[in-house]
Amino acid sequence: MHAAVLPSGCSILSRRLLTLQSCLKPFQLCNLSTLDDHQKKIYDRIIRIDHAGEFGADRIYAGQMFVLGKTDVGPLIQHMWDQEKHHLQTFKDMISKHRSRPTVLLPLWNIAGFALGAGTALISKEAAMACTVAVEDTITKHYNMQIRKLLELNGDHDELLSTIKKFRDEEMEHHDIGLEQNAEAAPAYDILKKTIQMGCSAAIFLSERI
Ligand SMILES: [Fe+2]
Ligand SMILES: [Fe+2]
């Protein structure tokens, strides 16, 4: 409502109310009021696991950069890491906005993620890229599953859906970068990939619940 259409005595008060309203806008909890208990539960799970996953990805790339930062693949790893930092910040913001509870396992994922990134990078550049392929393949499938779940859920979930779709596309890009950088030439590629993916699946299972 514009202040000019109000009675003259109300214009100062209405302007102040409009200013206050626009100041508060960034802090409004969009969607929260329209979600029922079932939907809130699903959002809570999705945000908790995605926050944990992006936290782990951030630590993996930190470990890779620690070892390979000054090599020819340094800029590529930095590019992927920058995108992971953005993913993580987005889910951090969602945790506050939706008042979700982060997993209590973050300290464990901090150490395990860095160790996985640095450990595979110490084997070889190809092993680091095999780690990227394994992790990003798992995350892409996980995001696809969440997209299907949200599409089946009643109500408007466009905001969360568009975020997950965008991140899913970027994880696929990371996966393809790993393959282009000879991930499949890593020693015992199949075993390494399967082992890392089993670890990722266990981390997802635990982070959703604890
Ligand atoms: Fe990510
Ligand atoms: Fe990624």
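Residue 1 is the first one shown; counting continues down the chain.
Cβ coordinates are placed from backbone N, Cα and C, and glycine is handled just like the others.
Going by TrEMBL, these are the annotated features:
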type	residues	note
BINDING	GLU54, GLU84, HIS87, GLU171	Fe cation 1 binding site
BINDING	GLU84, GLU136, GLU171, HIS174	Fe cation 2 binding site
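Everything TrEMBL records as a feature, shown here on the structure.
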{"residue": "GLU54", "record": "Fe cation 1 binding site", "DSSP (3 states)": "helix"}
{"residue": "GLU84", "record": "Fe cation 1 binding site", "DSSP (3 states)": "helix"}
{"residue": "GLU136", "record": "Fe cation 2 binding site", "DSSP (3 states)": "helix"}
{"residue": "GLU171", "record": "Fe cation 1 binding site", "DSSP (3 states)": "helix"}
Close to ligand 2, in the sense of Cβ under 6 Å, among GLU54, HIS87, GLU171, HIS174 as binding-site residues, are GLU171, HIS174
Write out, in the order they occur in the sequence, the residues of the chain not among GLU54, GLU84, HIS87, GLU171 that have a C-beta within 8 Å of the mean position of the C-beta atoms of the recorded Fe cation 1 site.
-> GLY53, ALA57, ASP58, GLN83, HIS86, LEU88, ILE139, PHE167, GLU170
Cα-Cα distance linking HIS174 (Fe cation 2 binding site) and GLU54 (Fe cation 1 binding site), given in Å to the nearest integer | 13
Work out how many Å separate GLU171 (Fe cation 1 binding site) and GLU136 (Fe cation 2 binding site) at their Cα atoms, rounded off.
-> 5
GLU84, GLU136, HIS174: which of these binding-site residues put a Cβ within less than 6 Å of any ligand 1 atom?
-> GLU84
Could you check the binding-site residues GLU54, GLU84, GLU171 and say which one's CB has the most other CB atoms within 10 Å?
-> GLU171
Counting only residues outside GLU84, GLU136, GLU171, HIS174 in the same chain, those with C-beta within 8 angstroms of the Fe cation 2 site's C-beta centroid are ALA57, MET80, GLN83, THR132, VAL135, ILE139, THR140, GLU170, MET172, GLU173, HIS175
